[in-house]
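Quick look at what TrEMBL lists:
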TRANSMEM  25-44  transmembrane segment
TRANSMEM  65-84  transmembrane segment
TRANSMEM  90-109  transmembrane segment
TRANSMEM  121-138  transmembrane segment
TRANSMEM  144-163  transmembrane segment
């Protein structure tokens, strides 16, 4: 399942990604990768969600790396260049991307290729997606403000889900 999703993202990005202007989206691509890596670091051994590896990946870290370094940057390269200018079309565009991510997560959950843990559920994933896509635009236009808001959101989520960041990783359950 993971390989299929990753191949679909590569193919879609090849077709719809703005490769001519990739440099203008590069910092936002790095932002989303960095945010994902920070999530993995802060929630280590106490994940809220995690990809379950296929048998040929052996370890979840390989699966995480493929999503983090392929799917997330590809999302930026397809999302940012195609944002419409009219307000109603913007709403539809957001809803399309949120629905795509939501359906992808439902498929992964149903196929047992993704798990939710420690209080996380599909509702929280949906809310996360609703926040994530506007944050990508904000980062592209006002990165410093985006970093500040991201820090606040991350802190609130760590608090809400009682992630034990005060404990060494090896002592977390």
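Backbone N, Cα and C define each Cβ position, glycine as well.
For the transmembrane segment (90-109), the partner stretch with the most Cβ pairs below 8 Å, chosen from 65-84, 121-138, 144-163, is 121-138. Listed as Cβ neighbours of the transmembrane segment (25-44) (distance under 8 Å, sequence separation of 6 or more from its ends, same chain) are residues 18, 64, 67-69, 72-73, 75-77, 80-81, 136, 139-140, 143, 146, 150, 154, 158, 163, 165, 169, 172.
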